[in-house]
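Student: Dropping a structure here in structure tokens format, bear with me for questions.
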């Protein structure tokens, strides 16, 4: 039987036990679960693994910097994603072709199979992307350019966006040549998202290089996306320089080439291991003649081809800008693209598929070919016109392009006329899609038409005194592909992409000449490129694009937008310094000679000002600002008559956060990087 003392002891013991449990719960909330939970299994083994990982990090760090392993991992992971996407798309396309073939003999069922399959799969892609992550639609290149310019857009680098964009792009590509869209732009965005997560990992491993690892990884990711799509590392890096970065630092060259080479090598090795070839080779193998690739007088035809591609690109870019404005201003289209994206995508794709039905207009456009088969047929070095009269040995591409019994010229012209407006309409689809490969193939069709014409004229003896029997139409197709895609994007990187895609260095000079001529014509009049038009339509604060839309906006004088900041005179005391710290949030506070003259002497750091105030509180003697703080000299001071564009360039190149504005030595104000971002956002809203 318990005595009253025993009961009191048990109650005290219970209270002590409760206090100990509460203390344990509080401690468990404050500490890491891995360290505080005594019931975690295999604690000893996990400690051994952690120690081994730390030793591995030290060993790897002695070979090279940790960020270089991140660059290699970026290229390899992006190439794996590209290979898995191509594999999935190929299986879906084969399933569609198998179902269409099994319905042979019933035209009505074939029509529904041809139209409903891509319409449903694109509607699913649009609805899925809209519901999971609305930021996953479109190309993604305008947003990546804006992020590389210094603007934070965390939603475009999220894991949800990565997942939805990857699956949505598979559905888009599975629609085939009916929709006529590619994967380059979204894959640049995907590689940037992978690079963002790898930069966070490198930041955890080495905390002292946070800004460097995060900045370089995003720049490197842009080139890796192109290299992993085509196996073209050099063209991918040049694409990153031309399209993605307004100011490309030389220190990014080696990481870009290293990561792009890792991605291209992995992509081609995966293709070899997948049975698509016996060794590493170009993605589109060609058999151009090496002995006499082209005649000297053909240079004039290549120059004419470049001018033609430039003129057609101006027409295409005009139509593209018009359709973007129309979808923004038309109430019906604006409502459907806002609330009924799946329905809009299904209707547009069904309409496009109906036009490309092989028993209808599709028989004149080789609609049964996939995107890869279309480009392969255009790059064929043999002449279709000379084989059309030989019924016993007709080429496989010729059988598809003249299946209806019409001329090859009619099929090519019809293809160019139809695909022009069909591609413009497909660009309005709210789903993940790339626009580089379609214009690349379209340019190849233009070049093929010119090449077939040149081959026909040479075979009829129009050029006496020379035997032009070996005119290569495929070379014109390759030059046209690079020229038209370069004119649309205002770049020269398609030259290297075309050469690396085919491995044909014999046509390097004609391709470069045609691309230069096309760029000269398309850039005249300060017309915006394809990606500039997308940035303008989305009102992104990207200064080069804003300059194309309205040249007078970036020319705004800095004096009109400079911010009046808190300042201190060199003889300021602790009371004035304390007031400046309370009222200002800037890291650099300007210092003038006196409040009356406003002559700029330099700036004082906020951290040093706080140290000055702490010393004043602990020590009795009162000192002036120039006695207790170091006044730093300003390296660059701009005039209020300088433009916003010049101030933006200085901030971007120097990487500084503050730029002082002075007129004849008198402080007018300052421009900070956050303030510059706000200015560009306001300029974008005015368009």
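Cβ atoms are placed via backbone N, Cα and C, with glycine included.
Keep in mind that TrEMBL annotations are predicted by a computer and have not been checked by a curator.
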Student: Check each of the ranges 19-40, 41-62, 107-128 against TrEMBL and return the one annotated as transmembrane segment.
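Tutor: Result: 107-128 is the stretch TrEMBL calls transmembrane segment.
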Student: For the feature transmembrane segment as recorded in TrEMBL, pick the matching range from 162-180, 181-199.
Tutor: 162-180
Student: Honestly, do the transmembrane segment (253-274) and the transmembrane segment (294-319) touch, with at least three Cβ pairs under 8 Å and pairs 6 or more apart in sequence?
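Tutor: Touching, no - the transmembrane segment (253-274) and the transmembrane segment (294-319) miss the threshold of 3 or more Cβ pairs under 8 Å.
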Student: Restricting to the same chain and to residues at least six past its boundaries, which positions have a Cβ under 8 Å from a Cβ of the transmembrane segment (343-361)?
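Tutor: Same-chain residues near the transmembrane segment (343-361) but 6 or more away: 107, 110-111, 114-116, 118-120, 122-123, 125-126, 175, 177-180, 333, 336-337, 367-368, 414, 418, 422, 425-426, 428-431.
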Student: Count the Cβ pairs between the transmembrane segment (218-241) and the transmembrane segment (68-87) that lie under 8 angstroms and are 6 or more residues apart in sequence, then report whether there are at least 3.
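Tutor: Between the transmembrane segment (68-87) and the transmembrane segment (218-241), which are separate recorded stretches, there is contact, as judged by 3 or more close Cβ pairs.
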Student: Could you check if the transmembrane segment (107-128) is in contact with the transmembrane segment (68-87), meaning 3+ Cβ pairs under 8 Å among residue pairs at least 6 apart in sequence?
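Tutor: No, the transmembrane segment (107-128) does not contact the transmembrane segment (68-87).
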